[in-house]
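**Q** Can you read through this structure? Questions will come right after.
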Amino acid sequence: MTGRGKGGKGLGKGGAKRHRKVLGDNIQGITKPAIRRLARRGGVKRISGLIYEETRGVLKVFLENVIRDAVTYTEHTKRKTVTAMDVVYALKIQGRTLYGFGG
């Protein structure tokens, strides 16, 4: 291993991607039926039409916060892969302890 650091296999240079997929507004991937199913699980019978966009917005903010904290843990330990434990710790510091994923 000559100067590749920890973990790297040294295959390729990782140059410019020729066909990079353009990431659009992925929050729309959280579909109306998916939101309805989550609401049903929470015991909701009827749902206002305005709820769907509001739910997408709240979910986006929540995930941004969790992912930011998880990536902070990953960078601190000098890794490039976010593990399940990083997410568990990120949720724990937000006061939402998650069981069943190790630790």
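Cβ coordinates are placed from backbone N, Cα and C, and glycine is handled just like the others.
Heads up, here are the entries from Swiss-Prot:
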- 1-14: compositional bias 'Gly residues' (COMPBIAS)
- 1-20: region 'Disordered' (REGION)
- K6: N6-acetyl-N6-methyllysine (MOD_RES)
- K13: N6-acetyl-N6-methyllysine (MOD_RES)
- 17-21: DNA-binding region (DNA_BIND)
**Q** Within the same chain, where does the DNA-binding region (17-21) have neighbours whose Cβ lies under 8 angstroms from its own Cβ atoms, ignoring anything closer than 6 residues to its ends? I mean 6 or more beyond.
**A** none
**Q** How does the DNA-binding region (17-21) divide up by DSSP, counting helix, then strand, then coil residues?
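**A** Going through the DNA-binding region (17-21) residue by residue, I get 0 helix, 0 strand, 5 coil.
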**Q** Considering every residue in the DNA-binding region (17-21), what is the mean pLDDT value?
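**A** Result for the DNA-binding region (17-21): average pLDDT 75.
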